[in-house]
Amino acid sequence: MMKKELMKVVSHECIGENIFELTLEGMLVNEMKEPGQFVHLKVSEGSEPLLRRPISIANINKADEQFTVIYRREGLGTRVLSEKILDQYVDVLGPLGNGFPVQGVKPGETALLVGGGIGVPPLYELSKQLVKKGVRVIHVLGFQSSSVVFYEEKFAELGNTYIATVDGSYGQKGFVTDIIKKEEIHFDTLYSCGPTPMLKALESSYHHKNAYISLEERMGCGIGACFACVCRLQDDPNGYSYKKICSDGPVFKVGEVIL
Amino acid sequence: MMKKELMKVVSHECIGENIFELTLEGMLVNEMKEPGQFVHLKVSEGSEPLLRRPISIANINKADEQFTVIYRREGLGTRVLSEKILDQYVDVLGPLGNGFPVQGVKPGETALLVGGGIGVPPLYELSKQLVKKGVRVIHVLGFQSSSVVFYEEKFAELGNTYIATVDGSYGQKGFVTDIIKKEEIHFDTLYSCGPTPMLKALESSYHHKNAYISLEERMGCGIGACFACVCRLQDDPNGYSYKKICSDGPVFKVGEVIL
Amino acid sequence: MNRLHVKLPGLDLKNPIMPASGCFGFGKEYSQVFNLSELGAIMIKATTLEPRFGNPTPRVAETTSGMLNAIGLQNPGLQKVLSEELPWLEQFIVPIIANVAGSQVDDYVEVAKEISKARNVHALELNISCPNVKTGGIAFGTIPEIAADLTKRVKEVSEVPVYVKLSPNVSNIVEMAKAIEHAGADGLTMINTLVGMRLDLRTGKPILANKTGGLSGPAIKPVAIRMIYEVSQAVSIPIIGMGGVQSAEDVLEYFYAGASAVAVGTANFVDPYICPTIINKLPALLDKYGFDHISECQGRSWK
Amino acid sequence: MNRLHVKLPGLDLKNPIMPASGCFGFGKEYSQVFNLSELGAIMIKATTLEPRFGNPTPRVAETTSGMLNAIGLQNPGLQKVLSEELPWLEQFIVPIIANVAGSQVDDYVEVAKEISKARNVHALELNISCPNVKTGGIAFGTIPEIAADLTKRVKEVSEVPVYVKLSPNVSNIVEMAKAIEHAGADGLTMINTLVGMRLDLRTGKPILANKTGGLSGPAIKPVAIRMIYEVSQAVSIPIIGMGGVQSAEDVLEYFYAGASAVAVGTANFVDPYICPTIINKLPALLDKYGFDHISECQGRSWK
Ligand SMILES: Cc1cc2nc3c(=O)[nH]c(=O)nc-3n(C[C@H](O)[C@H](O)[C@H](O)COP(=O)(O)OP(=O)(O)OC[C@H]3O[C@@H](n4cnc5c(N)ncnc54)[C@H](O)[C@@H]3O)c2cc1C
Ligand SMILES: Cc1cc2nc3c(=O)[nH]c(=O)nc-3n(C[C@H](O)[C@H](O)[C@H](O)COP(=O)(O)OP(=O)(O)OC[C@H]3O[C@@H](n4cnc5c(N)ncnc54)[C@H](O)[C@@H]3O)c2cc1C
Ligand SMILES: Cc1cc2nc3c(=O)[nH]c(=O)nc-3n(C[C@H](O)[C@H](O)[C@H](O)COP(=O)(O)O)c2cc1C
Ligand SMILES: Cc1cc2nc3c(=O)[nH]c(=O)nc-3n(C[C@H](O)[C@H](O)[C@H](O)COP(=O)(O)O)c2cc1C
Ligand code: FES
Ligand code: FES
């Protein structure tokens, strides 16, 4: 069930250039289930910024009633968020949306998790849940450059982890799709989150596969009421059918919606 | 010379119901001269609130490059200000305006300082400077009720101090003007700051006296450029003459401007 | 005595607070958050004769203390609203105000005629002011004669009272309001969004795919208050006010200006509990300012 | 090469940043803070034929991310501006844009004729859009024919190029702009303030003594951007843009929208150093987005 709660900052660290890892504590954590769901954060009391900001859940720690998000400082909202200090509170609405189906892969099978930039965070909770289930995980994570690489070791603890950077300053130079081909990675299920061009490239290569992708769109309500975040369906490209990324997604099966 | 400076909070205390005493440190203090001048504070970085807030200088401590203001938490601006903590910074523009003329009274003479509510603060620096000059000071301070009385002892250290409260919960019940009459206070010069009805009452009783009053008005720029804070002159009530409270005032000689 | 009870044409409101059209869908999402029967009324999403997909995305962009939207009246069309959305809402004890939109007069008339027959629709709100659709919408909202004609035509067929939603993007809001009153409207709702735009610093292009969008939120409140102040003195039909309402204090300001009920739009996105929160805070606020009943506040700025 | 140099009718600007009329007086106060020669130009406070005291106080009220003002064109009148204010400004190397206001056409004509002869006045800005004076002002700003006629009359007598300042309180800003261009204006400045109001929660009455006031500040920026975007595509005379500018980024957005120079109003009150600060930050911003010269940004949203 979606809840709204003022959650306490229990840790907040800069883990890369403009990349922050924020852990919040509160009862809302008990509602979190699927990896790939997101929270909608109100970062200030007033109307500056006015709207909430959607951020993916990167790690769920039910024992301590804590969860973690990883975000990039972009504009006003994430800048204000980045100024929160220990013991301050953040207004959280969540968990929202439908995440990655862990049941989409069986124990013993292989799952490939492909993340790009700030799309990497939700894959961490996903990977944890898959490993727990007995699934073999392989991670291919793409970043702009070495300064914004994060969580490499954490992912490596869970499974094979390849890093690509666009400028070659870390890991292999190039895009995640290059690595998948070069390393001849085979998998039963693909899970991905990242920039649309990356998702499009994956879709065109693996549309026949069991693949799930997580989308982004500018949001208003985050709960399905305002129609800000709709996308069209591939089998009705000019019709009236649609999905809402916030409440039907953000994760869709590859081939379902138009990227 | 007016300056703009980010000044450091060196002390911030609640000294009455919704009454705060804030001390700031920085080089701008070196520019402060007359008691009764004010500073124009920007309490947040963004546009919420957008405009600066005028607050009188209550105490100047040149030795430590510190000054103090006392303010009442009213609306958004003073609420945000009240949340500033030690070592944070406040954006100060000042000192602004023309204060109380200390040269309006000679050593050995008696000055009566009459304050109402949140008009009391600038009288403290004034009283200090008068005492230093060898002037005998008498304070008559009016407040709404006991919960918002402040600085009684500090004023008492400088001279005779009478307190009036509207509801009689502290000091004498009634208005400052009642006390002046009842106590048969005699004086050479009158200085006053407080709500307009109080100033009007003083004006009608003491218009023939050497008296100075400090006015308030909603302000834009605070420096004389926007014409938000003009008032008319008593000797040209319907003409084009005017004074700007921010830059010609806030202190005027009684009888000069229309209240 | 219910201190918040307000009676308007067609509407017996247990309190004067309702979500604004387009900011609450057809209620389903918010029903997960609170009991919709707590609301004074619900203004449902604009309904058009045929289904609409609306504009391409991005459809929203934030501005200082406001937001732009260009949803483009996406909705499932009259038939589905009648067969699915409205019946679903019948489980709640709350009057529905159906927001009606179209590209031409006949569309409005057709939708109004059918939707006004629905059991829980107690009033219509003619959306003659949507800035985000290419045809119709805003033209109806800026030319008094056209608005008046539309109002008349809809009044002829509607089985419930008709409120007309005014656009703030006009030179003379009073002239507009009077023309609509004269044409027989039972009430006014105001204001719809101001037309605005935001550009992307990197590309230089508009952030919204539709380029322009409707500005809502606290930024526009002073414009709404001014218009309601002016219009409420010039007409004798009631006004449901909206634009940037975020708190019980804002509701009071709208009543002072001349509104008889208040709708909450953008603030629902910020805080899904905002409507019940405001409703619960209103009695204490009436106490604070010494009112027995909320209707005592109505028009206080000019009365 | 001066990357900020902009040439407009009558105006050779070392940079495209200038304080907006009414937000900088006649420069004296801000000259205590920085050297006015740093500015691209100065738009001085509205000048009328006779001195004006303006409206009663309170004249300003704050709103969410904006402010309302109802100064009422207080100014010392044409003669004093000619004999005192303008000569004082001659010590600075900065072109002056004289904001001209009046209650009737003849007033405008008279002021324009005289003030355009002043040595440092390089252009006029016809204020046909002040919402805060009872007579004139806004009527000129909402009816295209009246605005066009006024423009023509002033053009006949002015010795310098004439810019006309548009009101945003109109149904059709493009129609207005075209009529004014057609009448011979050399440029446009936009936008003036939106008409708004704020009520006092305690009394229920308007905070401003004038009741309504002009809304300025960041709240109105999306409306200004949209209007400049529309007008710049419809006319071929240049636009000086304004409304909520607070940063070099805002200036870029105005250029993208279609402005050729930018004025800063309310932000001067927030930060008296804002104009030189923006000017100093612009070159680095041009670097960041890969422009050699600021004029490359002009109209990028639609070009
Ligand atoms: C489902 C979902 C999950 C996300 N998860 C993460 C995450 O885990 N970590 C992370 O760093 N970012 C994530 N994002 C992107 C994040 O929401 C934006 O970076 C953030 O909203 C930018 O806000 P801002 O105020 O800093 O930037 P601004 O550019 O100032 O934002 C202005 C407006 O644009 C919207 N906006 C801007 N960029 C985006 C974007 N890419 N997607 C959606 N809205 C945007 C903002 O929400 C806001 O309304 C996610 C987005 C979505 C939709
Ligand atoms: C020269 C001068 C000196 C002052 N000195 C003090 C002082 O020492 N201590 C103190 O507590 N207060 C003082 N005030 C009053 C103080 O400025 C206001 O209480 C304060 O601005 C209220 O801001 P707010 O955001 O809390 O309230 P809000 O009501 O939310 O303010 C909204 C707007 O109204 C203006 N405003 C509201 N009330 C006043 C007022 N009484 N005078 C001027 N503007 C107002 C604000 O500046 C702001 O622009 C002084 C005012 C002036 C003009
Ligand atoms: C996302 C969104 C969608 C809207 N859709 C509609 C609509 O379908 N019909 C309508 O009449 N108004 C619509 N509006 C306007 C609102 O009903 C309301 O008039 C406006 O947003 C001002 O109120 P606010 O500032 O509280 O949001 C919409 C507003 C928003 C923000
Ligand atoms: C206090 C104040 C006084 C103003 N006086 C004038 C004026 O005399 N003439 C004029 O054309 N515009 C006047 N304006 C409008 C501004 O020049 C400008 O168009 C408007 O404020 C929008 O810009 P901003 O948001 O940067 O303030 C005034 C604005 C303010 C806030
Ligand atoms: S963000 Fe409102 S429907 Fe998705
Ligand atoms: S506040 Fe601007 S002139 Fe006084």
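Think of each number as a place in line: the chain as shown, counted from 1.
From the backbone N, Cα and C atoms, a Cβ is placed for every residue, glycine too.
According to TrEMBL, the domain 'FAD-binding FR-type' annotation covers B:2-102. Residues annotated as FAD binding site in TrEMBL: B:Arg53, B:Pro54, B:Ile55, B:Ser56, B:Ile70, B:Tyr71, B:Arg72, B:Gly77, B:Thr78. The [2Fe-2S] cluster binding site annotation in TrEMBL covers B:Cys221, B:Cys226, B:Cys229, B:Cys246.
Features recorded in TrEMBL, as mapped to the structure shown.
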residue  : record                        : Cβ contacts under 8 Å, 6 or more apart
B:Arg53  : FAD binding site              : B:His40, B:Leu41, B:Val43, B:Gly77, B:Thr78, B:Leu81
B:Ile55  : FAD binding site              : B:Phe38, B:Val39, B:His40, B:Leu41, B:Val69, B:Tyr71
B:Ile70  : FAD binding site              : B:Ile15, B:Ile19, B:Phe20, B:Glu21, B:Leu22, B:Ala58, B:Ile118, B:Val120, B:Pro121, B:Tyr124, B:Phe150, B:Tyr151
B:Arg72  : FAD binding site              : B:Asn18, B:Ile19, B:Phe20, B:Thr78, B:Gly117, B:Ile118, B:Val148
B:Cys221 : [2Fe-2S] cluster binding site : B:Ala228, B:Cys246
B:Cys226 : [2Fe-2S] cluster binding site : B:Gly220
B:Cys229 : [2Fe-2S] cluster binding site : B:Glu217, B:Arg218, B:Met219, B:Gly220, B:Lys244, B:Ile245, B:Cys246
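Proximity to ligand 4 at the level of Cβ atoms, with a cut-off under 6 angstroms, picks out B:Cys226 from the binding-site residues B:Arg53, B:Ile70, B:Cys226, B:Cys229, B:Cys246.
Candidate binding-site residues: B:Arg53, B:Ile55, B:Arg72, B:Cys221. Those with a Cβ under 6 Å from ligand 2, in sequence order, are B:Arg53, B:Ile55, B:Arg72. Other than B:Arg53, B:Pro54, B:Ile55, B:Ser56, B:Ile70, B:Tyr71, B:Arg72, B:Gly77, B:Thr78, the residues of this chain whose Cβ falls within 8 Å of the Cβ centroid of the FAD site are, in sequence order, B:Leu41, B:Val69, B:Glu74, B:Leu81, B:Ile118.
Applying DSSP to the domain 'FAD-binding FR-type' (B:2-102) sorts its residues as follows: 13 helix, 49 strand, 39 coil. Mean pLDDT across the domain 'FAD-binding FR-type' (B:2-102) comes to 96 in this model. Proximity to chain D (CB-CB distance below 8 Å) holds for none of the binding-site residues B:Arg53, B:Ile70, B:Thr78, B:Cys246. For ligand 6, the neighbouring binding-site residues among B:Ile55, B:Cys221, B:Cys229 are B:Cys221, B:Cys229, by Cβ distance under 6 Å. The DSSP secondary structure for B:Cys226 ([2Fe-2S] cluster binding site) is coil. The record assigns B:Arg53, B:Pro54, B:Ile55, B:Ser56, B:Ile70, B:Tyr71, B:Arg72, B:Gly77, B:Thr78 to the FAD site; their largest pairwise CA distance measures 15 Å. A coil conformation is recorded for B:Cys221 ([2Fe-2S] cluster binding site) in the three-state DSSP classification, outside any helix or strand. A simple way to gauge crowding: the CB of B:Cys246 ([2Fe-2S] cluster binding site) has 28 other CB atoms within 10 angstroms, across all the protein chains here. Neighbour count (other Cβ atoms within 10 Å of the Cβ, all protein chains): 19 for B:Thr78 (FAD binding site).
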